[in-house]
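Below is one structure, written out as structure tokens; comments come after it.
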Amino acid sequence: MMRQGAKQYVVARPLYSEESFAEEHVKVYRHRKTILDHIKQYFTCDAKRAKNAALSLLPVIGWMKIYQIKEWLVSDIVSGVSTGLVAVLQGLAYCLLASLPPRYGLFSAFFPVIIYFFLGTSRHISVGPFPVLCLMIGSVVTRLVPDEGPPANITGFEGLNTDEQRVLVASSVTFLVGIMQLAMGVLQVGFVVMYLSDTLVSGFTTAAAVHILVSQLKFVLGLQVPGISGPLAIIYTLEIIFNKITSTNVCDLVIALVIMVVVFIVKELNDRFKSKLPVPIPIEVIMTVIACGISYAFNFRAKYGIDTVGHIPKGYESPMAPNLHIFQETAVEAFPMAIVGFAVAFSVAKVYSVKHDYTIDGNQELIAFGVSNIFGASFKSFAASTALSRSAVQESTGGKTQVAGLLSAIIVMIVTLAIGFLLDPLPKSVLGAVVIVNLKGMLMQFRDIPYLWRRDRPDCVVWIGTCIASILLGLDLGLAVGLGVELVSVVLRTQFPRCSVLANIKGTDIYRDRKDYCEIYEPVGVKIFRIPSPIFFANIEFFRSKLVEAIGFSPLRVLRKRNKAVRMIRKLLKKGDLQWTSRGFMTTSCGPIKESEDESNMEDLDLPTDFKDLPARIDWNGELPSNIVVPRVDIHSLILDFAAVSFLDISALKGLKTALKELIRVEVEVYIVACDPYILEKLHNCCFFDDEVQPSIFFLTLHDAMLHIIEKYPDSTEKKSDFDKIITTVTVHNPGASLRSRDKYAPPSETKF
């Protein structure tokens, strides 16, 4: 109950161990489903489930039923047109990253969008080319079909020119990526993206931005640089660029610099005045149109030798089957593409779903992107995900649903079918400049390093490790290294947790790390040890070593010393060199007692101390016969706080039981508190308990165990001079008895700390 006029609460309840609590409070029986039950449920079908399955596989049905034509249609049209213009430009630009002719970027901005409209659960992301994926595809393309030298020995390359071979590689890899994503969606493994932390993704995308920047330098400088893939490819590429730097096409460089400066400035103005602008100024589109017009008017291609987009044929090409030989050559690279493409899209979709209050389904997103990539690859597009800048345009211009995405695809289709020829004189340096300017957000992630170093150094190591590995080894190997570093950091955090010794905060039932507070109370002879992590095979020895460090002695060493001492006392009594009197043991021999060197039956030293055949039980903290030295044990009770222990494995169970037995055998009573019920159930099922380790050592809360110890050892808890000065009290009610004092200085019905 709450006391009137004060932020305090008073609770009167029995002191509970786990056993006493279970006796008084009956748990509700819950039937736990077996694996067979789950399988039966999975394959059971009825009308309601069939309807839900159809709605989940076709999310468009769900949001189309609530589509508000008057309120949303105009916004979707404005958003669709704006996004479509950006999609056209980015499709052409990002296609350069994939080392493909620019027109295929328009295919990637069209076909996947159509499928995602029906199958996707996000209403705001813009599906299409994503620079990181394009770069990963480009590395595969240049590996199998290099700029210089013969292509790989692939069945199906016969009779195809270089561009056609590259398109076949890109579409086949995309098809394989789609199959992997679809398989993961069907198998309901969308949770895999949880292993890609924000820190890892940030470091990975920053490294990808560096790769993209380097890959676009050849277009900005107007140089002929062959595509290089594999580890250290970025170093070799930079070496070639610097060797050819004197051959820079000044016209390309000037065009690119002007485009970058203007686009950067206008984008900054868009961000600063976005609340006042009805729609962001499509500066990339405007500058592209201007550059295209100037290039055509002054014939830059003939006068200055700049490289342009070239002829873009009207219409679409006929569908094409993937190449199975390419599947075999690219399976290892396709898997990280599938993961990265989905992870980025899902992360962006999650941000917008939270902002606009609707739910997205990770498994359905996998299915949507899988089918989108399979369908798109059949029409020679390459892997799709979502570009952050394009999605931001779709959302910020008022897009409400994927109707905006469908309209953007229509804009791309119009360009492909009708006006693509107008882009013939567009310099590739313009596209390279647009790509570089759009890298600002990803490159600015370098600012995360100081923040992470101050806040969380293991996360900072993950970021730096992922970034450096991805830059030097390539994006596929870099992602694998980043995952490895991330998993190692998680393992190390759980393997070496920050264990602590707790103490009572005076006047409360609260326990905190004794190093952090001044006003604490620690009963004499009691230690409270806390481990804030699961206990498993990798950290059980660390747990035991920290426990020994906390209590100040090794129980096993003390036990062996005691058993050796008992052996010696028995021998001395048998020889008559030692006698038992009312005052204790008395030495009768004149010379010093020599310690026994008998090393036989050493395993018996680890067994419980046997006082059989001795005249009395030995007080190990009292005075012992001369030359018999046994380490003192200054504690009588140890409390293990398991509040943060979420699971124990078999190795941990064995190690824990061994540690408990060693402590019990040196006459230290052990109590485990706040243990998870499922862990307790597992202990029973694994026959953890025996004559030495009993269920009675488990208590409901830390304070229950402490009150139990104070009641059991009242004298030892009164040795503190300030014990009676602690003012806050805790009321404890015993079942079957009236409220009574736990301390002779406390008022009735109260226990003082």
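Backbone N, Cα and C define each Cβ position, glycine as well.
Bear in mind that TrEMBL entries carry predicted annotations, made automatically and left uncurated.
As stated in TrEMBL, the feature transmembrane segment covers range 217-238 out of the listed 217-238, 635-656, 657-678. Confidence in the domain 'STAS' (516-709), given as mean pLDDT, stands at 85. Counting Cβ pairs under 8 Å that are 6 or more residues apart, the transmembrane segment (167-197) and the transmembrane segment (250-267) reach fewer than 3 and are not in contact.
Under 8 Å from some Cβ of the transmembrane segment (403-423) lie the Cβ atoms of residues 67, 72-73, 75-77, 79-81, 83-85, 87-88, 91-92, 102-103, 106-107, 109-110, 113-114, 116-117, 125-127, 292, 309, 311-316, 394, 397, all in the same chain and six or more residues away from its ends.
Proximity of distant same-chain residues to the transmembrane segment (461-485), defined by a Cβ-Cβ separation under 8 Å and at least 6 residues beyond the stretch ends, is recorded for 132, 135-136, 139, 195-197, 199-200, 202-204, 206-208, 210-211, 229-235, 332-333, 336-337, 339-340, 448-449, 452. Between the transmembrane segment (366-383) and the transmembrane segment (217-238), fewer than three CB pairs separated by 6 or more residues in sequence fall under 8 Å, so the two stretches do not touch. With a cut-off of 8 Å between Cβ atoms, the residues of this chain six or more beyond the transmembrane segment (104-121) that come close are 57-60, 87-88, 90-95, 98, 127-129, 167, 170, 312, 316, 349, 359-361, 364-365, 367-369, 371-373, 375-376, 379-384, 402, 405-406, 408-409, 412-413, 415-416, 420.
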